[in-house]
Amino acid sequence: MRVVSGIQPTGNLHLGNYLGAIKQWVAMQDAMGPGEDSLFFLADLHALTVAIDPKELNSNTIEMAATLLAAGIDPDRAILFNQARVREHSELAWILGGTARTGWLNRMTQWKDKAGKNREGASVGLYTYPVLQAADVLLYKATHVPVGDDQKQHLELARDIATKFNQDFGVELFPLPDPLISAAAPRIMSLRDGSAKMSKSDPSDGSRINLIDSDDTIVQKLKKAKSDGDLLPDSFGGLADRPEAKNLVTIYAALSDISPDAVMTEFAGKGFGAFKPALADLAVAKLGPIRDRLTRLLEDRGAVTEALSKGAARATALAAPTLAEAQRAVGLNV
Ligand code: TYM
């Protein structure tokens, strides 16, 4: 088993990233046996596809790496690095650009959403973003990719690219990576709008809980979270038409590692006046220790950059042979 996943170093790591992806990363890292590897990276090259402040990109990358360490990624077991340090990502992306079809990229919902009506003005990088993402996982011959639901389409594209590459060049170079989507938290929604996903780019900070938030901020954000005036039913299925209520119960269940139905058994017949304070206590108890570790790590950034350097060297050792195989397969004279 070879596990690979990434996160963009833009903004703060939030509860959606944590419950949808990072918690699974930590579980996978802990489950690796001898000869198996888990690789997690800061997708700094992907961050270049939208407007960024160069002064912030570097510090965001360090801070996001520190957050991953605080959330339980162990650089002695997992390989933690930033994408730009392993040049093979960019080189393989270019090669795979010859395999991917524009028709496939045109169908990507993230491209359509992010480019919006202004396609002519969107960057080329935003359009070819999923090809780089395919290179990220295929470079390591990943078998499993733990992600939130919103990345599923990009991984299906990675499988299509791998299949076509293997066929076109008559090789069995790339295994097809399986997306691992968290059953507990495939898509955590905004605290302000149950129909929008919790996101780093939402202009309202009250829409998300950041892993750096103080206890008091967490409590206030959950207090103000959109809910409804109805009582909680005795089964999770009874929340089908109540997106905000469903989201808060999902967060409770995912944070406490119990099923949503078990949460409903505990709170059936109660309203949000009782549920929200219990959720706030739980969130503070689970996230407080992560924030405290993060605060300490941010005071000693040297340890974080050292972990990233070590991770980049280990990642390069795994990436270089695959790139060489891909170059040979397509007949490049390198
Ligand atoms: P990014 O940086 O947007 O998010 C990182 C991870 O968090 C998950 N996620 C969520 N899960 C549940 N609910 C939410 N509201 C939520 N918001 C985010 C994402 O699904 C993701 O798993 N393109 C990727 C980064 C990337 C990557 C890769 C991922 C680059 N190369 C290769 C996997 C493999 C992205 O922008 O994720």
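Positions of Cβ are set from backbone N, Cα and C atoms, glycine also.
Copied over from TrEMBL:
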- Gln8, Pro9, Thr10, Gly16, Asn17, Gly148, Asp149, Asp150, Ile188, Lys197, Met198, Ser199, Lys200, Ser201: ATP binding site (BINDING)
- Asp136: L-tryptophan binding site (BINDING)
- 9-17: motif ''HIGH' region' (MOTIF)
- 197-201: motif ''KMSKS' region' (MOTIF)
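Among the binding-site residues Thr10, Asp136, Lys200, the residues whose Cβ lies under 6 Å from any atom of ligand 1 are, in sequence order, Asp136. The separation of the residue listed as 'L-tryptophan binding site' from Asn17 (ATP binding site), Cα to Cα, is 19 Å. Across the motif ''HIGH' region' (9-17), the DSSP tally of helix, strand and coil residues reads 3 helix, 1 strand, 5 coil. Between the C-alpha atoms of Asp149 (ATP binding site) and the residue listed as 'L-tryptophan binding site', the distance comes to 18 Å.
Secondary structure from DSSP puts Asp136 (L-tryptophan binding site) in a helix. Under 8 Å from some Cβ of the motif ''HIGH' region' (9-17) lie the Cβ atoms of residues 42-44, 47, 50, 52, 57, 60-61, 63-65, 67-68, 71, 82, 148, 185, 187-188, 197-201, 208-212, 251, 283, 287, all in the same chain and six or more residues away from its ends. Mapped onto DSSP classes, the motif ''KMSKS' region' (197-201) shows 0 helix, 1 strand, 4 coil. Considering only the binding-site residues Gln8, Ile188, Lys200, the residue whose Cα is spatially closest to the Cα of the residue listed as 'L-tryptophan binding site' is Gln8.
Other Cβ atoms within 10 Å of the Cβ of Ile188 (ATP binding site), summed over all protein chains shown, number 26. When secondary structure is read from DSSP and collapsed to three states, Asp149 (ATP binding site) falls in the helix class.
Counting other Cβ atoms within 10 Å of each Cβ, the binding-site residues Asp136, Asp149 show the lowest value at Asp149.
Most Cβ neighbours within 10 Å, among the binding-site residues Gln8, Thr10, Asn17: Asn17 holds that distinction in the structure as shown. When the binding-site residues Met198, Lys200 are scored by other C-beta atoms within 10 Å, Met198 scores highest.
In the predicted structure, the motif ''KMSKS' region' (197-201) carries a mean pLDDT of 93.
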